Amino acid sequence: QRRNGLTDVDAQHCVWYGECGDSKIAGKKYNCNYTGPPKPLQAEGHELLAELCPGYDYGDRSLCCDVDQLNSLKGSLQLPLQFLSRCPACSSNFMNLFCELTCSPHQSRFMNSTDFNGPSVTEVQYYIGQTFTNAMYNACKDVQAPSSNVKALSLLCGKDAKDCNATNWIQYMFNINNGQSPFPIIPIFSDVPVSGYTPMNNKTYACTEGLDDGSGPCSCQDCTKACGPKPVPPPVPPPWTIFGIDAMTVIMWISYSAFLLIFFGAVLGVWYYRKRTIMSEYGPILDSNNPLSLNADNPDQVNASCCETLGERFENALRTLFSSWGSFCVRHPSVVLLGSLILVVGSSGGLVYMRITTDPVELWSSPSSQARQEKDFFDSHFGPFFRTAQLIITTPIVDPFLYSPYFGGSDVPFGAILRKDILHQVAAVISDDFFVYADYHSHFLYCVSAPASLNDTTLLHDPCLGTYGGPIFPWLALGGYDETNYNNATALVVTFPVNNYLNDSVRLGKARAWEKEFVKFMKNFKNPNLTVAFSAERSIEDEIDRESKSDISTIVVSYVIMFVYISLALGHINSCRRLMVDSKISLGISGILIVLSSVSSSLGIFSYCGIPLTLIVIEVIPFLVLAVGVDNIFIVVQAYQRDERMPQEELHQQIGRILGDVAPSMLLSSLSETVAFFLGALSNMPAVRTFSLFAGLAVFIDFLLQISCFVSLLIRLTANRLDIFCCAKLPEGQETRTDSFLFRFFKKIFAPFVLKEWVRPIIVAVFVGMLSFSIAVVNKVEIGLDQKLSMPDDSYVLDYFKNLTMYLHTGAPVYFVVEDGLNYSSLEGQNAVCGGVGCNNDSLVQQVYSASLISNYTTIGFTPSSWLDDYFDWVKPQSSCCRYYNTSGEFCNASVVNSSCVHCRPMTPAGKQRPEGEDFMQFLPMFLSDNPNTKCGKGGHAAYAAAVDVYPDLTGVGATYFMTYHTILKESPDFTEALKMARILAANITEAVGHKVFAYSIFYVFYEQYLTIASDTAFNLGVSLAAILAVSTVLLGFEVWSAVLVSVTIAMILVNMFGVMWLWSISLNAISLVNLVMCCGISVEFCSHIVRAFSISVKNNRVERAEEALAHMGSSVFSGITLTKFGGILILALSKSQIFQVFYFRMYLAIVLLGAAHGLIFLPVLLSYIGPSVNKAKVFSANKRNAGTERERLLNY
C-alpha cells in the first residue's frame, strides 16, 4: 500500500517533536514541526513517562515527544485526572487518547498537521476510532465529582453531563476555548481508514474491568454497569376500596343501615306490643314483673345490692362533708376569703419568674425526642446550621430577550430577570460590585451546566466557582425555570448564610441584630423593576410574637363579652322594683375573678417550678377554665335561686344543704378534667404537655375557690342589698319567687319535646348517623401544619412562603452523620463509607447514591458529597494537589511553583494505594485547609471544612457528615415523608456499616411530631377517657354503667370533632391536639352534671328521670357553657391571625355546638333508653331524709 508517494514503513514518522513558540493561550506553547523518526526520551523523563503513559515505558523509549512536552501534558491534564482517577478504566482510556496524540512513535498514521506558524504546528487533525471514542465515553460517563454532587463530565465537557456524548466531549477538550488546549486539534471519528489515515483505535477498558497493573474495576457509583439492576421503588399501595368506593365509607354505610334496621325494629316492636296490650305510654317500663322496672319493689323495703348501698353511703358522706363545709364558709366568710386571698397571692407570686417560650424548637420538639437529640449532636460537633436570610427577587417586566452568541450558533432566550440593567439593580440590592468585563451571557450559559468548572471557556477563562471556593449551583441561585433551562429563570435567589452560635448569647445577639436591620432595610426597599420576597431566620418567631400582641385585643373583647354575659345572666330579676337587688353583677364579677385567680395561681406555681409557658397556654387556658368555672357558678347560683328555705333552717344551713346537693356534681366534673389533663401531660409534645399541666392545676384550683370563696360570697344573694351599691338596702317586702325563663323553657317545652316517644328514635338515628360519618372520615383528616397559617394575614413572610413554593427548585440539605468511633484509617472503615474503587456495594455513599436514582420515592435528590473520596483523589501521587515543602513539612498549595515542593506520596505501587494508618491522618488536615484552584479542583476547605471533626491531637477522625439535598418539598406531608424516608435510609446504612449513622436536616425537629401524631392523639384521648371513666365511676357512687355512658358520649363528641375537622379543613397537629384534649375536658361539663342528676333522681321511670335531669341541670349547663362561650367564640372569627380563625374559632365553635348537642339532646335520650336503674338505697335514703318536710312537696312538684 502506498500513501502520498511513501511506503507504509516510511510513513511511520512523527508530526512534531519538542516545544517552540508561545501559544495564544496564556502559559501554553506550540509543538515544533518535525517529520523525522521518533527519538529516545531523555533519562530525566523516564519517571514522568511511567506516570503518564506507562504503555511506552519499555526499550529505548523512542517517542515523538520530549520531557517539556510531557510536563505540558501533565499540567494540562491535572484537573481532568483529579476527577476521573476515581475510575481506573476511565482514566487509563483518557490518558491513552492524549499519550497517543502527544508521544506516539506512529503519529503519522493517524495525525495530520494542517497549519503552521514558522517552525510551530498550530493546527492538527487527529483521526480517532469511533469504537475507542464510545468505549472511552462509556467508561467515564457515570464518574461522580463528590464535592459538587454532580457527574465529572459536567465539569469536563462544557455542558451538563446529560447533554454530553462521546464526540462532543472530545471536541470540547480539543477546543482552544477551554483554556487548556494550546492550539486547535480537529478530531475526525471513524472506524475505517479516511483519506489514507488509519484512525487510532487502541485497546480500551470497560469500567467493570480491572487494569493490568492490578487496579480494580470502578465502583457502582462511578459505573452503572457495575451496579446490577437500577433500584425500583416499591409500588404505591392502592387505596382501600370496596366496589371502587372508599372502604371506610362502605363499611360505615352498611353498619349504619344495619343499626337503623335493628333499632327501628325494636322501637316498632315495643310500640306494637304496648298497643296490643292497651297499656299506658310507659307501660313496659313500669310493669312490675319487668326486670327493668323501677317500681317493682315497695319503697319502704330496701332490697339494695351491696354496690348500691356502698354508692349511697359514699354519696351521703360527700353530701355531709360539703354541707358542713358550705355552712362553715357562710358562717366565717372573712376567714375563708382572707385565707384564699393569701394562697392566691402566694401562688401568683411565681409570675415574677415567668418565662414565655417562643422558640419554635422548644415548642414543638421534646428534648428527649430523636430529632432533638440528633440536632444537639450535629450542633455540638459541626456547629449549628447557618441562620438563613434569603431574598427571592422577581421583576414585573415579563418580556424575555434573545442573546446572539458572538461565535455563531442559534439565539438563546433569557428571562427578563437576567437582563443586564435588572442585574445591576439587583447588585445594588445585595451591596456587591458588579462590573461587566466580557459577555456575561456566555459565562452564565457555561457555568449553569458546569458549576464546579475552573474555566468558563470564554475569552476570559473565568472560573465558575463562587468566591468561597465552592460551586454555586444554578438550582440554588435561580428559580422559576423549566427542567434545566436555567436561562428561562424568572427569579433570582440570594441567600445570606449568617453564622449561628451555640451557647454564645453575645455573638448570637449580634447575628439577631443584623437580621433585624436586614428585615427593616428590606421592608423599606422600593424599586419599580424589582419585586423582592424576603425572610430572615428570626422572621417566623418575630411574626408569631407580633401576631400574639395584635390578637390580645381580639382575646380581650372575646373575654369582655363573656364577662358581661355572665354578670347579667346570673341574675334572676323578679320585678322592676328588685332590679338592683336581683341582678347579680357583683357576684358575676366575683366568679370571673375566681376564674382568673385560678389561672394566675396555676401559672405562678409552675413558674416557681421553672416550667416555661407557651403562647398556647396563655391563649387557651383562660378560655377552658372560664368554660368549666362559669358552669359551676351557674349551677350553684341557680340551685340557690330555685331552692326554698326549710322551716327552722338558718341561712348557713340552707347554703350548706345546697352545696351538699350540687358540690359532688362539681367535684365529679372538675376531678375528671384534672385527672384527664394531668394524664395528658404524659405526651411527648412540649406544647401538649405544658398545656395539660397548667390546665389540670387551674381547673382544680378553680373548683377549690368556688366551693370556698364563692360560697362565702353567696351571702350577697340573701341580704336584700342593692347590687354593686351594697351599702344601700331595699325595704323588706313580700315577693313572689318565679322560675327563670330559661328554666321554664327547659322544663315545660324543651325537655318534654326531646323525650317525646316519636322524637327520641329520630334523635338517636341522627346522632348515630353523625357518628358513622365521622368514623368514615377520621382517617382522612390531614396531618401537619401549613406554616402559612401561623403568620398574620398582613405578614411579609406570607409573600416569601408563596414565592418559595412557586420558584424554588431544590429541597433542604440533608446530612448523613456518622457518629464517633469509625476507624477511617483502616481499609474496612474506609470501604464501609466511601464510593470509589474498592468500596463496598452497600457503603454509605453508595446507598445514598442508589436512593438518589429513585428520588421520587426516597426524596433524596442528588449524589452525596463525599470528603473521603475527594481526599483519596487529592492525595494520589499522580495529582499535583498534595505537596509539602521538603524543608519545613508545611503544606504547599498546587498553584505554588517551588522546587522544594514534593509530592506527599511516592509514585510507587504502594504510593498509589489509598492512605492508611498514620499516612491517612498526616495529610488530612492539609486537605481540609486547601482551597480549590485551577491546578487542583479537589481542595477540601470550601466543601468539607466543617464536615470532618478531627481530634485535636490528630489521633483520629471523630464524627463526620456526607451531605446531599432533598427533592423539592412544598406541603407539610412532603416534609414528613422526607424525614421518614431519610430515617429508613439511615437505618439501612447503619445496619450495613455496623456503626450508628443518622440523617439530619434543619426541618426534622419540627416535623418529627407528625410521624407519631396519630398514635399520640389516640393515646392522649384514650388516657383522658379512661381517667374520666375511673373518676366518674367512683364519684357517681360506684355506678359503672353511668360512668360508661358519660365516657361513651364524650368519645362520640371527640369522634365527631374529627368529622368537623375533615369538613372544615382543620389538620391534626399539636395545636388541634391541645384543643381535642380541651374538648375532652369541656365535654365532661356537658355530660357529667346531666348523668349525675339522672342517677340521683327518684322519679318513677327512665323517661321521667331523664326529663327531670334535663330540666334542672340542662338550663344551668346551657346558660353556663353554651351561651357564655358562644359570644366569645364569634369574636375570634374577626382575628387577623389565621391560626385563630382556623384552630380556635372553628374548633371552639365545634366543641361548644357538639358538646351542647350531645349533652342536652342525645344524652338524655340515651339515658331514657338504657340509663342505669334507680339506686334503691338512694331512693330510700332521700325519702327518709325529706319525709314530712317542705322538701318532699317540692320534690313531688
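Heads up, the Cβ atoms here are built off N, Cα and C, so glycines get one too.
When Cβ-Cβ distances below 8 Å are used as the criterion, the transmembrane segment (250-273) is approached by residues 242-243, 284, 757, 761, 764-765, 768-769, 772-773, 775-776 of the same chain, each at least six residues removed from its ends. What TrEMBL records for 250-273 (among others) is transmembrane segment.
When Cβ-Cβ distances below 8 Å are used as the criterion, the transmembrane segment (335-356) is approached by residues 328-329, 597, 600-608, 610, 612-615, 618, 701, 705, 708-709, 711-713 of the same chain, each at least six residues removed from its ends. What TrEMBL lists as transmembrane segment is 335-356 (among others).
Across all of the domain 'SSD' (551-716), the predicted model scores a mean pLDDT of 82. Look at TrEMBL and you will find 551-716 tagged as domain 'SSD'.
Here TrEMBL flags 552-573 (among others) as transmembrane segment. Outside the transmembrane segment (552-573), and at least 6 residues removed from its termini, the chain residues within Cβ reach (under 8 Å) are 579, 582-585, 587-589, 591-592, 619, 622, 626, 630, 633-634, 637-638, 641, 723, 740, 1119, 1123-1125, 1127-1129, 1131-1132, 1134-1137, 1140.
Within the chain, the transmembrane segment (585-607) has long-range Cβ neighbours (under 8 A, six or more residues past its boundaries) at 343-344, 347-355, 563, 566-571, 613, 617, 621-622, 625-626, 629-630, 633, 637, 693-695, 697-699, 701-702, 705-706, 709-710, 713-714, 716-717, 723-724, 726. What TrEMBL records for 585-607 (among others) is transmembrane segment.
Annotation comment: TrEMBL describes 613-637 (among others) as transmembrane segment. Beyond its flanks by at least six residues, the transmembrane segment (613-637) meets 354-358, 363, 544, 548, 551, 555, 559, 562, 566, 569-570, 584, 587-588, 591-592, 594-596, 598-599, 602-603, 606-607, 658-659, 662, 665-666, 669-670, 673, 686-687, 690-691, 694-695, 698-699, 702-703, 706, 710-711, 714, 717, 1070-1071, 1074-1075, 1078, 1081-1082, 1085, 1089, 1113, 1116-1117, 1119-1121, 1124-1125, 1128, 1144, 1148 of its own chain at Cβ-Cβ distances under 8 Å.
Look at TrEMBL and you will find 691-715 (among others) tagged as transmembrane segment. For the transmembrane segment (691-715), same-chain residues at least 6 beyond its ends with a Cβ under 8 Å from one of its own Cβ atoms are 322, 325-326, 329-330, 332-333, 336-337, 339-340, 344, 347, 587, 590-591, 594-595, 597-599, 601-603, 605-606, 611, 613-614, 616-617, 620-621, 624-625, 628-629, 632-633, 636-637, 640, 651, 655, 659, 663, 666-667, 670-671, 673-681, 683, 1074, 1077-1078, 1081.
The list of residues near the transmembrane segment (758-778) in space but at least 6 beyond its ends in sequence, with Cβ under 8 angstroms from a Cβ of it, reads 246, 248-249, 251-253, 255-256, 259-260, 263-264, 267, 1052, 1055-1060, 1062-1063, 1157-1158, 1161-1162, 1165-1166, 1168-1169. According to TrEMBL, the transmembrane segment annotation covers 758-778 (among others).
Taken from TrEMBL, the feature transmembrane segment covers 1018-1036 (among others).
Sequence annotations record features per position, and here TrEMBL assigns transmembrane segment to 1043-1064 (among others).
Outside the transmembrane segment (1070-1088) by six or more residues, the chain places 363-364, 616, 620, 624, 627-628, 631, 665, 668-669, 672-673, 676-677, 680, 683, 685, 687-688, 691-692, 695, 699, 785, 1009, 1013, 1016-1017, 1020-1021, 1024-1025, 1028, 1032, 1046, 1049-1050, 1053-1054, 1057, 1061, 1117, 1120-1121, 1139, 1143-1144, 1147-1148, 1151-1152, 1155-1156, 1158-1160, 1163 with a CB less than 8 A from a CB of the stretch. Per TrEMBL, the feature transmembrane segment maps to 1070-1088 (among others).
Residues or ranges marked as transmembrane segment in TrEMBL: 1109-1135 (among others).
The feature transmembrane segment is assigned by TrEMBL to 1147-1170 (among others).
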TODO: Report the listed stretch (1018-1036, 1109-1135, 1147-1170) having the maximum count of Cβ pairs within less than 8 Å of the transmembrane segment (1043-1064).
DONE: 1147-1170
